[in-house]
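Okay, structure first, notes after.
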């Protein structure tokens with residue numbers, strides 16, 4: 001249960017995600033959740049990054065402004081992450097969460113050997129190899145590998161931009177807003193283990209690493225050219241040269 005420190009009255013959730021096995025960071029269409037204190041009538045808005053969709057909602061008390069603390073329900077055990085203080089009602093959910101701290105990725109794709117921390121993420125990844133796209137847009141019939149990708153795509157039809165930054169910029173995806181906010185904070189969480197250079201986006205780190213590995217995955221399709229590039233952008237620039245335009 002969650003209680004208000006000042007009044008010790010139960011705060012009940014107004015909204016709750018449909019699934020209780022995943023972080024609300026992955027629940028589409030939600031940027032925050034609200035809790036209501038019956039005594040003081042305060043409506044407390046909590047970012048999705050601090051709430052977890054477990055049967056007894058768990059939050060990180062240090063990340064919210066209203067004085068709310070978790071109380072242990074005598075009928076339900078609460079499991080605490082000793083690294084960041086976040087709470088869970090299931091040991092299995094805590095175990096999955098801990099992999100964010102340890103970097104453990106026990107689920108490996110048998111085709112490309114890419115590894116994942118969660119079994120569900122591996123299942124979604126495998127659709128890249130199988131070509132399966134079970135989620136279809138009801139407007140244009142375009143298909144997608146995940147419900148999240150379909151939700152993002154659907155906003156292109158409505159021009160919905162529900163994720164807003166304090167600076168006024170709005171975005172179709174919560175992930176884009178998160179990256180945008182790093183421009184304000186200067187946060188660069190993705191660090192190259194070869195040279196220590198850091199980046200605000202994982203894709204930029206991936207591209208940078210090719211400097212160390214020499215990988216050039218984007219190859220020119222023009223016969224007898226044979227050139228390859230580290231990024232798709234560099235390949236497109238190459239293809240727009242006069243020589244290739246003539247071909």
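Glycine residues also receive a Cβ, built from the backbone N, Cα and C atoms like all the rest.
Here's what TrEMBL has on this protein:
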| type | residues | note |
| --- | --- | --- |
| DOMAIN | 79-106 | domain 'C2H2-type' |
| DOMAIN | 107-134 | domain 'C2H2-type' |
| DOMAIN | 135-162 | domain 'C2H2-type' |
| DOMAIN | 163-189 | domain 'C2H2-type' |
| DOMAIN | 190-217 | domain 'C2H2-type' |
| DOMAIN | 218-247 | domain 'C2H2-type' |
Mean of the pLDDT scores, which run from 0 to 100, over the domain 'C2H2-type' (79-106): 86
DSSP-assigned states of the domain 'C2H2-type' (107-134) in counts, ordered helix, strand, coil: 12 helix, 4 strand, 12 coil
Secondary structure composition of the domain 'C2H2-type' (79-106) [DSSP: H/G/I, E/B, coil]: 12 helix, 4 strand, 12 coil
Tally of DSSP helical, extended and coil residues in the domain 'C2H2-type' (135-162): 12 helix, 4 strand, 12 coil
Three-state composition of the domain 'C2H2-type' (190-217), taking helix and strand from DSSP: 12 helix, 4 strand, 12 coil
